[in-house]
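Peer 1: Sharing a structure below in C-alpha cells format, with a few things to ask.
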C-alpha cells in the first residue's frame, strides 16, 4: 500500500494556469497531464504490480456518463479507460517511489473529483487520496473551448480586471470592473452555482455528466446569474426603488456579489441591471475556464414577439398612448463566450464567439436565460439555430416601425427605420484599455444591400409573412424631420434642441406639429411628461431645413437608471 502521496499542487497548478486560484489544492485543466508521486514500502514494478486509480464526480458516478474512470498500471490493462496514466520519465522506481503523469480526457465533465487508489487486487475499496478540481482548458487543442492565441487567453481567461461600456451611442463611457475570478473561494462558489441549478436538482447524475459541454454550462450559468426562476445570484430591478438592497450602480466588482449570494444561503443579491448581470457571468465563466468577454450594444432592441421589429405607437397628438411591449435601450450589456458548436454544424461554421445574456428579458425553453447564440449565425441572419438567435439578432438589427394610433383604435404605419438599432457594439481590447468596435461581427454595414438581404432572409427564417414583417420600406416620406442637439446633454442642466423639417414633395404642405418631450429610462420605458408644444407651419415645395423651436429647453434632465 502506498505510504504517502504527493499531489505537487504548486507545480501542477502553475503548469495548468490555476496557481492564481490556489497552490494548496490540486486544480488542473482537462486534456493536460499532471503529476502525482507515490511512495511505497518497497520497490514497485510498473510492468507487473497493480496500481488502480479511480476518479469520480457527482452522485451516482458512472463510466457510461463520463463521471467515473478506473485506470492505472500496468498500462496495457486499462486500454478502455477515458483517463490515462503513464510513468513519468525519470521516475525513481527502485527506491519505492513512482511519479505518474495522469491525463483526463479533453471532454471530461468539469468540477470536483475524488481520487482513490488500490494496490491490492483483492481490496474492495480503494484508499482516498483526496480531491481535485477539473476546469475547462483553452490551452488544449482538443478542448472545445480552445483559444489559439496566448494573448487572447491572457485577456479572456486570466485577466481579473476589465472595463464595461455604458452610456449612449454618441456618449460612450466606461467603468472599471473587478472580475476577481481567482479570488479565494470564487471557484467553489461557481461550482455551488452549478450544483443548485434546477437541472441538477431534478437529475444530478445527468447534470454532472453534461458539465463536459460548455454549451450546456454557459446556458445554465446564464439562467443562474438571474434569480427569476431559480436560486440565482442577482435580483433585477429597473424602477429606481432599491429598498432592502443596493442600487445596481453600487457594484464595481463580482466578488462581493458572489460572496453575498453564498453567505445568505443562495438568496438573491439585491439589485442588478444588465451590466452587473453580464460582469458577474463573465467572472463565473472565466473562473471555470471558458474564455469570456463583456459586450455592450448601444441602441439595443428588446423584441418581445420575435418579429424582428420594434413597434412604437404614438397618438395623433404626439404622446405614447400605450406602453409598447417592445423597446429600445440606450445600451444593453451581455457576454460572449468562446466555444465550438458541433451541435449546429459538422464543420466549424458557427464556432467561436457566442452571445450569452444572463439579464432576465424573455424566457427560453421556459427559463429566463439567453444563448449561447453564435455571433456568426447572427451576422448571416441564420435565426433558426439554437439558442435564441432571433432575439439577439433583433437586439442588434431590428427595424423600428412607428405607428400612429387614432381615437377609434385604428393605426397607420408612419415610418420604418432600418438603421438606428445596434450601434457601436463595444468590448475592451486585448492587452489594453482601448475600446474595440465589433459591430461588423454582428451585422453588415447599415445602408448596404448585404445588410438588407440578411435582414429579409432572417424574416423569412422566423416564418413571418413578408407583408406583415414591417421589414419593407414605404419609400421616402413626404416630410422628413430630425431633432438636432444644440448643447450637449449634461445631468442636471437644461438642453437646447431644434427640430429640422424638409418637404420632399412638389406640393405645399400645411403641418400641425406636436412636439412632446418625455423622460425615458435607459431600457426604453417612458417615464414622466416634461414638455408639450403645438405649432402650425407651412412648407413650400422642396423647401429644406426649415428650423423650428430653435431654443426648445428641457427644464429637467432625462432620467436614466
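Along the chain as shown, residues are numbered 1 onward.
Just so you know, glycine gets a Cβ as well, placed from its N, Cα and C.
Below are the features I grabbed from TrEMBL:
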- 266-360: domain 'Transglutaminase-like' (DOMAIN)
- 274: active site (ACT_SITE)
- 332: active site (ACT_SITE)
- 357: active site (ACT_SITE)
- 397, 399, 446, 451: Ca(2+) binding site (BINDING)
Peer 1: Spatially speaking, which of the active-site residues 274, 332, 357 is closest to residue 446 (Ca(2+) binding site)? Use C-alpha to C-alpha, please.
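Peer 2: Minimum Cα distance from residue 446 (Ca(2+) binding site) across 274, 332, 357 lands on 332.
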Peer 1: Which of the recorded positions listed here (274, 399, 451) have a Cα atom within 10 Å of the Cα of residue 357 (active site)?
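Peer 2: Checking Cα-Cα distances against residue 357 (active site), the recorded positions within 10 Å turn out to be 274.
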Peer 1: Between the Cα atoms of residue 451 (Ca(2+) binding site) and residue 332 (active site), find the distance and write it as a whole number of Å.
Peer 2: 22
Peer 1: Measuring Cα to Cα, how many angstrom lie between residue 332 (active site) and residue 274 (active site)?
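Peer 2: Pair distance, Cα basis, whole Å: 6 Å.
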Peer 1: Starting from the Ca(2+) site formed by 397, 399, 446, 451, give every other residue of that chain whose CB sits within 8 Å of the mean position of their CB atoms, in sequence order.
Peer 2: 398, 418, 419, 421, 422, 443, 452, 455
Peer 1: For the domain 'Transglutaminase-like' (266-360), what does DSSP give as the number of helix, strand and coil residues?
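Peer 2: The domain 'Transglutaminase-like' (266-360) comes out at 15 helix, 40 strand, 40 coil.
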Peer 1: If you count Cβ atoms within 10 Å of the Cβ of residue 357 (active site), leaving out that atom itself, what do you get?
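Peer 2: I count 30 other Cβ atoms within 10 Å of it.
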Peer 1: Could you state the whole-number distance in Å separating the C-alpha atoms of residue 397 (Ca(2+) binding site) and residue 274 (active site)?
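Peer 2: Here the two Cα atoms are 19 Å apart.
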Peer 1: Taking the Cβ of each of the binding-site residues and counting other Cβ atoms inside 10 Å, which one has the highest number: 399, 446?
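Peer 2: That would be 399, with the most Cβ atoms nearby.
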Peer 1: What is the number of other Cβ atoms found within 10 Å of the Cβ of residue 332 (active site)?
Peer 2: 26
Peer 1: Quick one: mean pLDDT on the domain 'Transglutaminase-like' (266-360)?
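Peer 2: Averaging the confidence scores along the domain 'Transglutaminase-like' (266-360) gives 92.
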Peer 1: 10 Å Cβ neighbour count around residue 397 (Ca(2+) binding site)?
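Peer 2: Taking every protein chain into account, the count is 25.
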Peer 1: Please list, in sequence order, the residues in the chain of residue 274 (active site) that are at least six apart in sequence and whose C-beta is under 8 Å away from its C-beta.
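Peer 2: Within the chain, residue 274 (active site) has Cβ neighbours under 8 Å at 329, 331, 332, 333, 334, 359.
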